[in-house]
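Participant: OK, Swiss-Prot features for this one:
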type	residues	note
ACT_SITE	CYS155	active site, nucleophile
BINDING	ARG12, ILE13, ASN318	NAD(+) binding site
BINDING	SER154, CYS155, THR156, ARG200, THR213, LYS214, ARG236	substrate binding site
SITE	HIS182	site 'Activates thiol group during catalysis'
Amino acid sequence: MAIRIAINGFGRIGRSVLRALYESGRRAEISVVAINELASAEGMAHLLKYDSSHGRFAWDVRQECDSLYVGDDIIRLIHQSEIEQLPWSELGIDVVLDCSGVYGSREDGEAHVASGAKKVLFAHPGGHDLDATVVYGVNHQDLRAEHRIVSNASCTTNCIIPIIQLLDIAYGIESGTVTTIHSSMNDQPVIDAYHQDLRRTRAASQSIIPVDTKLAAGITRIFPKFCDRFEAISVRVPTINVTAIDLSVSVTHPVGVAEVNQLLQKAARGAFRGIVDYTELPLVSMDFNHDPHSAIVDGTQTRVSGQHLIKTLVWCDNEWGFANRMLDTTLAMAKSGF
């Protein structure tokens, strides 16, 4: 029997999750029963069908009253601002995928559970008091039935954690720095406008904009031994999708470029197949749009200095890759038991 899910928040990630479910052929395993979103039903249907990053949705989409029709499937639409008022019990929801970007605390998760959901998966980093933070492919096997309120971490954490794990096991990481070169997001204005972060008052399409990031904290959340040993910075660039991450790590064991690339390529074809990919083609960011992997290593950009400093460039579709991991983690949560 398919897992019954509800999507709370139908923005970039919420819509990508729904599209990824249909495109990946996993509807026999996961059924979207309801979507809660404050926007109009007409707008929800339109943006599902037509997407500036991912193109037209292949399935027929129409909206009638409080229902969204996707092919032959009927999804109930809800427009409720209070989690406590959501009808998850009535709808028999197994897992809520909270893609709102607003909620992420233990209290928020408990509110979903109190409304009748068996489990909750946040599509962004949560607090330390959540039951688990999952990077699929690295620690999803640690999920237990009692883990009711879970975070899927962030798109950048999902991108870089598998690479860090591989390099650490092989060569022993001492410390590292990460620079995220991230596409612009909907918290940036089209033209200059007020924002509490003065850099984000500036037009997204006109500048490379440094922003705060909690990626270093995300790394230590998964690997506590790296506490105070990683630092991260982030810049937003004038593209609408796809992100690159520049990872530099100092390692204990001497190594060369060929060895690093061989390690990462082998992992992409083996243990991390479907999660990590590897390429040496002369590609640019748009070539990774709609790529379902969490991370794509660009082997042409690997560098090693003094045998102990490794630099890698890793791409990801920060929407599509993450949406696919949301589905993977949902299935892992269900497999762990309710």
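Even glycines carry a Cβ here, placed using N, Cα and C.
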Participant: When you put HIS182 (site 'Activates thiol group during catalysis') at the centre and draw a 10 Å sphere around its Cα, which of the binding-site residues SER154, THR156, ARG200, LYS214, ARG236, ASN318 have their Cα inside it?
Facilitator: THR156, ARG236, ASN318
Participant: Cα-Cα separation of CYS155 (active site, nucleophile) and ASN318 (NAD(+) binding site), in Å?
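Facilitator: Between the alpha carbons of CYS155 (active site, nucleophile) and ASN318 (NAD(+) binding site) there are 5 Å.
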Participant: What subset of the binding-site residues ARG12, ILE13, ASN318 lies within 10 angstroms of THR156 (substrate binding site), using C-alpha positions?
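Facilitator: Of everything listed, what lies within 10 Å of THR156 (substrate binding site) (Cα to Cα) is ASN318.
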Participant: Say you check the Cα of SER154 (substrate binding site) against those of the binding-site residues ARG12, ILE13, ASN318; which is nearest?
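Facilitator: Minimum Cα distance from SER154 (substrate binding site) across ARG12, ILE13, ASN318 lands on ASN318.
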Participant: Test of understanding: give the count of other CB atoms lying within 10 angstroms of the CB of ARG200 (substrate binding site).
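Facilitator: There are 20 such Cβ atoms around ARG200 (substrate binding site).
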Participant: Report, as a single number, how many Cβ atoms besides its own are within 10 Å of the Cβ of ASN318 (NAD(+) binding site).
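Facilitator: Looking across every protein chain shown, the total is 26.
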Participant: According to DSSP, which of helix, strand or coil covers HIS182 (site 'Activates thiol group during catalysis')?
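Facilitator: DSSP call for HIS182 (site 'Activates thiol group during catalysis'): strand.
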Participant: Cβ-Cβ under 8 Å from ARG236 (substrate binding site), same chain, 6 or more residues apart: which ones?
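Facilitator: Spatial neighbours, sequence-distant, of ARG236 (substrate binding site): HIS182, SER183, SER184, MET185, GLN188, ALA204, ILE208, ILE209, PRO210, VAL211.
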Participant: Other than its own, how many Cβ atoms are within 10 Å of the Cβ belonging to CYS155 (active site, nucleophile)?
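Facilitator: So the Cβ neighbour count for CYS155 (active site, nucleophile) comes to 25.
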Participant: What Cα-Cα separation, expressed in whole Å, is found between ARG200 (substrate binding site) and ARG12 (NAD(+) binding site)?
Facilitator: 19
Participant: Between any two of SER154, CYS155, THR156, ARG200, THR213, LYS214, ARG236, the residues recorded as binding substrate, what is the biggest Cα to Cα distance in Å?
Facilitator: 20
